[in-house]
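Taken straight from Swiss-Prot:
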type	residues	note
BINDING	Asp71, Ser73, Asp75, Cys77, Glu82	Ca(2+) 1 binding site
BINDING	Asp118, Asp120, Ser122, Glu129	Ca(2+) 2 binding site
BINDING	Asp162, Asn164, Asp166, Arg168, Asp173	Ca(2+) 3 binding site
BINDING	Asp210, Ser212, Thr214, Glu221	Ca(2+) 4 binding site
BINDING	Asp254, Asn256, Asp258, Lys260, Glu265	Ca(2+) 5 binding site
DOMAIN	12-47	domain 'EF-hand 1'
DOMAIN	71-93	domain 'EF-hand 2'
DOMAIN	105-140	domain 'EF-hand 3'
DOMAIN	149-184	domain 'EF-hand 4'
DOMAIN	197-232	domain 'EF-hand 5'
DOMAIN	240-276	domain 'EF-hand 6'
Amino acid sequence: MDSAREPTQGSLDAAGFWQVWQRFDVEEKGYIEEKELDAFFYHMLTKLGVDDAVKEENVQKMKQQFMAPHDVSKDGCIQMKELAGMFLSEDENFLLLFRQETPLDSSVEFMRIWRKYDADSSGFISAAELCNFLRDLFLHHKKAISEAKLEEYTGTMMKIFDKNKDGRLDLNDLARILALQENFLLQFKMDACSSEERKRDFEKIFAHYDVSKTGALEGPEVDGFVKDMMELVQPSIRGVDLDKFREILLRHCDVNKDGKIQKSELALCLGLKINP
């Protein structure tokens, strides 16, 4: 394995690896199939600028070196982290893989992170704000990093996740970075249920977003609920759109004007009668 890494390490960053990986893992499942390995190595060597005359020979060498220590699962799937280790330094590897190790399953937690790092409430994460996020991320994982490297990795993350190349990240970009799981509300069919079923579903929904268990949604709990509600009808939303809809929801639902949405207030908004 070391011999496979020597000529490539330092020649490729996480963004370069990601460009090749995406050709094969379009749906971002985190793995490719064993039958795709030859083509993957071929594209990777092309990215590294290896001469065509020796490319095919090197593909077979790399495949042998990779397969020797790896026990490919019975379903023939090869995880991204197994291949990334061949080409990337430890830190570059971390940038690519931390999102797979700790995916977020809560829009409430996601919005807490969004509000923290969108420090100027612009509705976007700037490069400087992303840099702060990465600094905290490395500290959390007890990894020492210089400011110069931090700036370099911020640029790498922008290359990977800034889809429209405008130099800033929107809600959807950060959701991809944090590997936010499927919208919690997708499992409910509110319009196709009886009154009792709707009440039962409402209880589950409110309990999910009332993370603090106070009987009211506030702060990122409101944000998380708004985000998931909006994405039921508009899959790609911006931070500024979320803020507008949040204001509308509070205007309609926050009857006592305390800046929170009580359980009874949300039920009333949704046309439900619940037991006090």
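Just so you know, glycine gets a Cβ as well, placed from its N, Cα and C.
Owing to the predicted nature of the structure, the values given are computational and were not obtained by experimental measurement.
Structural mapping of features recorded in Swiss-Prot.
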residue: Cys77; record: Ca(2+) 1 binding site; Cβ contacts under 8 Å, 6 or more apart: Tyr31, Ile32, Glu33, Glu34
residue: Asp120; record: Ca(2+) 2 binding site; Cβ contacts under 8 Å, 6 or more apart: Ser126, Glu129
residue: Asp162; record: Ca(2+) 3 binding site; Cβ contacts under 8 Å, 6 or more apart: Arg168, Leu169, Asp173
residue: Asn164; record: Ca(2+) 3 binding site; Cβ contacts under 8 Å, 6 or more apart: none
residue: Thr214; record: Ca(2+) 4 binding site; Cβ contacts under 8 Å, 6 or more apart: none
residue: Glu221; record: Ca(2+) 4 binding site; Cβ contacts under 8 Å, 6 or more apart: Val108, Tyr209, Asp210, Val211, Ser212
residue: Asp254; record: Ca(2+) 5 binding site; Cβ contacts under 8 Å, 6 or more apart: Lys260, Ile261, Glu265
residue: Asp258; record: Ca(2+) 5 binding site; Cβ contacts under 8 Å, 6 or more apart: none
Note down the number of other Cβ atoms within 10 Å of the Cβ of Lys260 (Ca(2+) 5 binding site), including every protein chain shown. 18
Nearest by Cα to Ser122 (Ca(2+) 2 binding site), of the binding-site residues Asp75, Glu82, Asp166, Asn256, is Asp166
Please figure out which one of 12-47, 105-140, 149-184, 240-276 racks up the most CB pairs under 8 Å against the domain 'EF-hand 5' (197-232). 240-276
Contact count check, CB pairs under 8 angstroms to the domain 'EF-hand 2' (71-93), set 12-47, 105-140, 240-276; argmax is 12-47
By Cβ distance under 8 Å, which residues at least 6 away from the ends of the domain 'EF-hand 1' (12-47) in the same chain are close to it? 55-56, 58-59, 62-63, 66, 72, 76-80, 83-84, 87-88, 92-93, 95-96, 100, 153, 156-157, 159-160, 176
Excluding Asp210, Ser212, Thr214, Glu221, which residues of the same chain place their Cβ within 8 Å of the centroid of the Cβ atoms of the recorded Ca(2+) 4 site? Tyr209, Val211, Lys213, Gly215, Ala216, Leu217, Glu218
